[in-house]
Amino acid sequence: MIQLYNSMTGKKEPFKPLEEGKVKMYVCGPTVYNYIHIGNARPAIVFDTVRRYFTYRGYDVKYVSNFTDVDDKIIRTANELGEDYHALTKRFIEAYHADTGALNVQKADIHPLVTETMDDIIAFIEVLVKKGNAYASSGDVYFRTRSFKDYGQLSQQSIDELRSGARIEVGEKKEDPLDFVLWKAAKPGEPAWTSPWGEGRPGWHIECSAMAKKYLGDTIDIHAGGQDLKFPHHENEIAQSEACNSQKFANYWMHNGFLNIENEKMSKSLGNFLTVHEAIQAVDPMVLRFFMLSVQYRHPINYSRDLIDQAANGLARIRESVANVEHRLTMTADLGTATEKWLNRIEEIKQHFVTSMDDDFNTANAVTDLFDLSKEANLYLGEDQVAKEVLERFLAVFQELSTVLGVTLTIEKGLLDEEVEQLIRDRDTARKERDFARADAIRDQLRDQGILLEDTAQGMRWKRG
């Protein structure tokens, strides 16, 4: 059974879906005014992997992740660039899909936009006003935070603790410093929509509550996002949604840990701000994904050149194992009969992978399982005789596990197998003709392409190394 860490309770719990065999999952998406940075890539990769694993275990997953396509930062950036805000957000939504697509992140079943959900947002706020959980003030609408008795439960903060640090900013017309905005009155030159409270646009927090309700219902299985969203965003979502719907909003809350660069918080002021768009120009996107999955998702992760190089080398070793198994399958002359020992070992690793992922989606252990499979494949390839059934099983399980992790194990091979075979024949001919200079040149050419030659009792073998 899948166990996941619930941020609401602070402990691992068995996953029990609202509806047998189905998962309703909402993940907070980006505000689209720039390329996403590598910190944004972590939740995209993590929760894509969670989704993949649920699917692998037989669940039907409905996955919703929004785009905030109107807000203060978008409006400011559009004005600075002299660009229509619709054109700006459209451009960066396309960039988001391109960048996350390179990371093998599957598109959500639904990617709702705030600008296309405005009627639902307004209707949601109307219910809160009618119930007394929200109030209008000079064209703005605020949520009456003290009306929700469980406020602070997710972030484990009391109302009194929160009140001590709360302030009313200039221009705000709140009853209480703890209240937060649901609807902002229009400002000159900014996009606005007609509402019962006048022209305006929604606050940030209400958007996700309205979109989750529209596409997944009043109660969902899993709500997920980065650790930085726990407070105030997710806390406010809970208050709004449960006040509006009179039902529990989400049964499980999942939050991924922070990402630092070279042990420092990423920021433009430190000059270490790195977008995914920039990163994947220098690093194989699969290496970046593999790196992200090498650490358990709740733990902080440190992005550094050394750690990326380690991830690249590790992934290369696994890919080489796969390529060598594929190649050995073409060498039918020395294929023997299968032994239960090796088939059982492959199955043990697969089952351990499932155990790893059942334990709060522990991809760090799952990656280790992939290394173990690679190690066993290499040992098996060293046998004098290998069996087609075992080789095919190695490949099938490599494919199965890597698909769950979303990491592709195919590589650009350089020389094709038949080209390698021809060069080996040419080298053999040169040696027989005592043309050792040519034989050595061919050997060096093969070595430069990562081809290793070895003499065996069955003759010359080669592998990619």
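Any Cβ shown, glycine's included, is placed from N, Cα and C.
Values in this document were obtained by computation on a predicted structure and should not be read as measured data.
Secondary structure at Cys208 (Zn(2+) binding site), taken from DSSP and collapsed to helix, strand or coil, is helix. Sequence annotations record features per position, and here Swiss-Prot assigns Zn(2+) binding site to Cys28, Cys208, His233, Glu237 based on sequence analysis.
A Cβ distance under 8 Å defines the sequence-distant neighbours of the motif ''HIGH' region' (30-40), meaning residues of its chain 6+ beyond its ends; these are 67-69, 71, 73-74, 77-78, 88-89, 92-93, 95-96, 99-100, 226, 258-259, 261, 266, 273-279, 288, 303. The feature motif ''HIGH' region' is assigned by Swiss-Prot to 30-40.
Sequence annotations record features per position, and here Swiss-Prot assigns motif ''KMSKS' region' to 265-269.
Feature annotation from Swiss-Prot assigns ATP binding site to Lys268.
In the motif ''HIGH' region' (30-40), the DSSP tally of helix, strand and coil residues is 3 helix, 2 strand, 6 coil.
Listed in chain order, the residues near the Zn(2+) site other than Cys28, Cys208, His233, Glu237 are Trp204, His205, Glu207, Ser209, His223, Gly225, Leu229, His234, Asn236, each with its Cβ within 8 Å of the site Cβ centroid. Under the DSSP three-state reduction, Cys28 (Zn(2+) binding site) is assigned to coil, being neither helix nor strand. When Cβ neighbours within 10 Å are tallied across all protein chains shown, the highest count among the binding-site residues Cys28, Cys208 belongs to Cys208.
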